[in-house]
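These notes are about the structure you will find just below.
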Amino acid sequence: MNKSIPLKKTAIVWPALPIARAYSLVVPLIVPLALLALWYISTHYGWMPAQILPAPDVVAKTAVELWHNDLLPQLFISLQRLASGLLAGVLVGTLLGALMGASRRAEHLLHPTVYALAQIPTLGWIPLFMVLFGIDDGLKLAVIIKAVIIPVTLHTQTGVRNVPHALQEVARTLRLPWHQRLIKLTLPAALPTWLTSLRLALSQAWVSLIVVELLASSQGIGYLLVWGRQLFQLDIVFVCIAVIGLAGLTMEWAINQLERRLVYWPHPPLSRLTTAPSRRLSALVLPFLLLLLWQQASRLGWIDPLLLPPPADVWHMLQQGIRDGSLTEAMQASLTRALAGAVCGIIAGLVCGVLLGLNATSDALFTPTVATLRQIALFAWLPLLTAWVGNDDVGKITFVALASFFPMLVASHRGIRQRSQALQEVAQVLQLRLATRLRVLILPGAAPAIFAGLRLSLIYAWLGTIGAEYFMSSGTGIGSLMINAQQLLDMPLIISGMLLIGLTGAVLDRVGLGLEQRMTRWRSAGEIA
């Protein structure tokens, strides 16, 4: 009798789904989709007036109409201005930084002047440039070049200066000609730092272009944005903000791709970027000669004193403004707004950064959305905020809070996420409560990043104050005073305001640096020990 051979049942094994990959793709979309649903519900049921918050379908329809009409031409004009100013600023900054990095004498002569000019932010130069160049493309190019040339110069100088000494000795031993040393040693060593400067320059140039197009332009994506706000067509404002954000994301992606292709070798970490002026007396030669030339050119009529008054007139205006209280009152109002907005933004950013850093689920949900919002140029939010909050002090302080929020959020989140895992495991073994872990472990470990974010938030709060006063010129403030002086061609007052803005920014930077060093002394002491 033949026995049938039992067949072994084999289970069908289906390929495992890439759950982790699907999770990483789906989770970042939850918050944007939830916000979109809330937006739709609030407009559908009339929770918000359509004039204040247009419906998503209205914004989408407007986007299609603008795509076929004005959007692409206006965006192309802005990108053309950006490319022209960026090219000129990067070229000049690279040459100047390479000269300062290669020659100690050039560094001692030029660095103090570059440092002094860097203290006055690009926003502070806009009223002066408006008088000198008008409101045409010359103004946009001047603003972009000023925004680009400083970071490129300083980073290029650092990159050239930090060529490893061992490689320099090898090049001298081999007696390489200067052009081979330049191509095979200096350029590869300085390239990572130069690409960092290019990233910063592109970001600052894009933000500066949006600012100047919002303030004084008849073409460009910034002009289209403010035009929609003036007509109170917030659907146009939403579309322009989205386009500005997409442009920022595209630029960030392009820089990342360029860096990945060009820098394919490991490079040592960079030293601290040098920004302090030289203490040698030779450092004062160039600033003194420039002031003397400025004074003589005005006195002899080489330049129009109405366009560029002599330094003596500026000094007289500065003294007069302090005596009669016009400058001191304006500075007091601006500093009050900056402080109020900075306190709100820094506290909110710190709390959100700590919460996101402690909770992995919240981090996965919210961080991609926050990173996307950061790509929108800061001042692109101004037209929308003025429509929602108003042009008074509440609107200005709200914008300042927004300006200082993101640096603190990013810094505190990064500091919390980079905490020591070994100490975290010890805290879990000891079963420390969350409050105790925050007090003795998490916050002290993240203190360097948090105070670095505080320093940056103070600077952004001051810049946000000046920008808000430019666009919301009602009331007192140093920004409002300078814009009104620009309309009256009061150049001594404009330059006096520039000096006060630069001095205040330098003081805030030093205060932030002092707090950072004082509160993290234990870290330096531990490293020395």
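For all residues, glycine too, the Cβ spot is worked out from N, Cα and C.
Copied from TrEMBL, the annotated features are:
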DOMAIN    75-255  domain 'ABC transmembrane type-1'
DOMAIN    331-512  domain 'ABC transmembrane type-1'
TRANSMEM  20-41  transmembrane segment
TRANSMEM  82-102  transmembrane segment
TRANSMEM  114-135  transmembrane segment
TRANSMEM  205-226  transmembrane segment
TRANSMEM  232-255  transmembrane segment
TRANSMEM  338-358  transmembrane segment
TRANSMEM  365-388  transmembrane segment
TRANSMEM  394-411  transmembrane segment
TRANSMEM  440-463  transmembrane segment
TRANSMEM  491-513  transmembrane segment
Task = Among 114-135, 205-226, 394-411, point out the range having the most Cβ pairs under 8 angstroms from the transmembrane segment (491-513).
result = 114-135
Leading contact stretch, 114-135, 338-358, 394-411 vs the transmembrane segment (365-388) - CB distance under 8 Å = 394-411
Task = Determine which residues of the chain contact the transmembrane segment (232-255) at the Cβ level, with the cut-off under 8 Å and only residues 6 or more beyond its ends counted.
result = 51-54, 58-59, 61-63, 66, 71, 75, 79, 195, 198-199, 202-203, 206, 210, 221, 224-225, 372-373, 375-377, 380-381, 383-384, 387
Query = Where else in the chain does the transmembrane segment (114-135) make close Cβ contacts, counting only residues six or more beyond its ends and a cut-off under 8 Å?
reply = 96, 100, 142-143, 146-147, 150, 153-154, 204, 208, 211-212, 215-218, 275-277, 287, 307-308, 463, 466-467, 470, 479, 482-483, 485-486, 489, 491, 494-495, 497-499, 501-503, 505-506
Key: Range from 205-226, 338-358, 394-411 with most C-beta pairs under 8 A to the transmembrane segment (440-463)   = 394-411
